[in-house]
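Colleague: Handing you a structure now.
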Amino acid sequence: MAAASAATTTWRLLRRHHPSHPAVLLLLLRASISSSRALLQQPELSPDPPAAAAAPADSAPLPPKPSSGSPFYGENWRNPAAANPSSSLLPAVIAGGPLNAHSRAMVYSASPGAAELKETFAKWMAEQRWEEMKQLFEFWVRSLDPATGKPNRPDVDLFNHYLRAHLMSGALPIEMLDLAEQMREFEITPNTASHNLVLKSMVQAQEAEGAEKLIERMLQTGTAPDDESYNLVVNLLIRLNHVDSAMKYLDLMLKSGYTISSIVFSDYVRACVRSGRLDTLASVIEKCKATDQNKVLCPQWSWCVEIAEAAFEANNSKLGLFALEYLARWIARSERVIPPLHLSVDEGLVLSALSAAGRTYSTDLLNAAWSILRKSLRQKRAPTPEAYLAKIYAHSSIGQLQRAFSTLREFENTYGNFEDIDSELFSPFTSLQPLVVACCKDGFTTLDSVYVQLENLSSADSPYKSVAALNCVILGCANIWDLERAYETFEAIKEKFGLTPDIHSYNVLLHAFGKRKKTEEACNVFQHLVSLGVKPNATTYSLLVDAHLVNRDPKAALAVIDEMVDVGFTPSKETLKKVQRRCYRESDFDSDEKVQSLVKQFSYRMGGENRREMLYNIDYGSVFGSNREE
């Protein structure tokens, strides 16, 4: 009331004085306002809204709210102009960027549906317009479908395009995982292709642990991994040298019938060879050969050679056989191209294969090695003598005597008539020693069987008469201490087979007499062959020295060595060791000095005999006697 009376008084004054200048009126009005008392203003709360009436207890409930399949349903359902709100689900489109408002409107009007949008994405993928793909997708899911007036709902294929755009833009694995998880907000379940895109980002970041967990999650949730999923994980594990884990998923691939990529297979082969997991590699190759999808897999030529070398060195016949099969496949491919390449395997590798076949008793490896050697030579030349000898060794080791002698026959037909061929190639003491051991494996039974077969072959339609084969039988008889069989076989060379004994024939007979301490007969054999004009070789003199040493006559042995040196042969280190050892045991110091002079003459380092002498001087009788008394 006081304020109202003050205002009335001020108005009366203004009317009474009628100020002519506006400024005076303004001053009077301001003075009147400032002199008025301030009114008390206290905030008052708005009354509570009236409570909704409770529904009756017996009323039926409403159906659930229909789902639109879009998390933006509540944001732009009634307000299409607010199509780009800020949201943590998808990043907002930057204004003024590559896809501005005008361009978005044009694209949206040109591709209103999901099918048209996929076609647009397919075109942009070829042009690698990844940023524009992301922006268009984010704009499209915030827009309304012109046909229904509801928010656009992407399917899994369309969302995978969005994932691929992020992947090609360099998104991190954690970002890809978040995007894949956001698919569920659109009521979309990520499929195998979605997970593969996430796996690719993990491969790029070399996150092996995350890739393994994702594969395990796919298996647990029922989203079956496909060929690409396994290949991605296995390739990542191999690159990080997790070979054992890679083997686990390779095994799952093969059990599921999936196809291993050639790159993954080659990388796995390389990793197994470098880490020495040859048995594991052989197992994987065997499983691949058992499936139609993977039996065509084949490493590169160079890695096939490395697999073979590692397998032969480790005596792994199964893996070596697989490597030779791969090499044979490459040779067949090279002959079908135009112009032909004519790949060939090094003969040294074949020798290693034949030796491994003999050590592992593998007939399949032997046959495969000889077959690939024939393919590599292409009938341009015969195999080398070393190849024939390796094949004889393999057959003899396996116990295939008939095939061993057949190979010896082929070897003699190829190189037997060469004048410059080394005679030691047919020596039963060195080159044919494996065949000799196989002949006397079961004693006289095997020797008699071999002799009978040789006798039958000599009278066949295409007769086979071989002095080298008979020499092996004679040496086998000498090895079982059967002098009578050895001598009869020696006589049969001339009488029954009509052949002339060579120096190796006389050597094996001399050896048979020497082993039985018949030194005089051995010397007679030596005199006989010299009288026939047969030139002795180094083996002849070494065997004669052994015959004298068995008879405990080091002086006679040294006399033979002197004769041996005079004719131009060099005694071996082993021969001088035998003579020196006999001199020690016979206390022949004069002969020992002569041996020392020969050692210096030929610059040998003999080494000590202490350990051998300790074993030789042990009084076993006293030791055993004391043990019995106790």
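Placement of Cβ uses the backbone N, Cα and C atoms for every residue, glycine included.
Sharing the record's features from TrEMBL:
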{"type": "COMPBIAS", "residues": "51-60", "note": "compositional bias 'Low complexity'"}
{"type": "REGION", "residues": "40-77", "note": "region 'Disordered'"}
{"type": "REPEAT", "residues": "191-225", "note": "repeat 'PPR'"}
{"type": "REPEAT", "residues": "226-260", "note": "repeat 'PPR'"}
{"type": "REPEAT", "residues": "502-536", "note": "repeat 'PPR'"}
{"type": "REPEAT", "residues": "537-571", "note": "repeat 'PPR'"}
{"type": "SIGNAL", "residues": "1-38", "note": "signal peptide"}
Colleague: What parts of the chain pack near the repeat 'PPR' (226-260), using Cβ distances under 8 Å and only residues at least 6 beyond its ends?
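Modeller: 192, 195-196, 199-200, 202-203, 206, 208, 211-212, 215, 218, 267-268, 271-272, 275, 277, 280, 284, 287-288, 291, 293-294, 297.
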Colleague: How many of the residues that make up the repeat 'PPR' (537-571) does DSSP mark as helix, as strand and as coil?
Modeller: 26 helix, 0 strand, 9 coil
Colleague: Can you count helix, strand and coil residues in the repeat 'PPR' (226-260) using DSSP?
Modeller: 27 helix, 0 strand, 8 coil
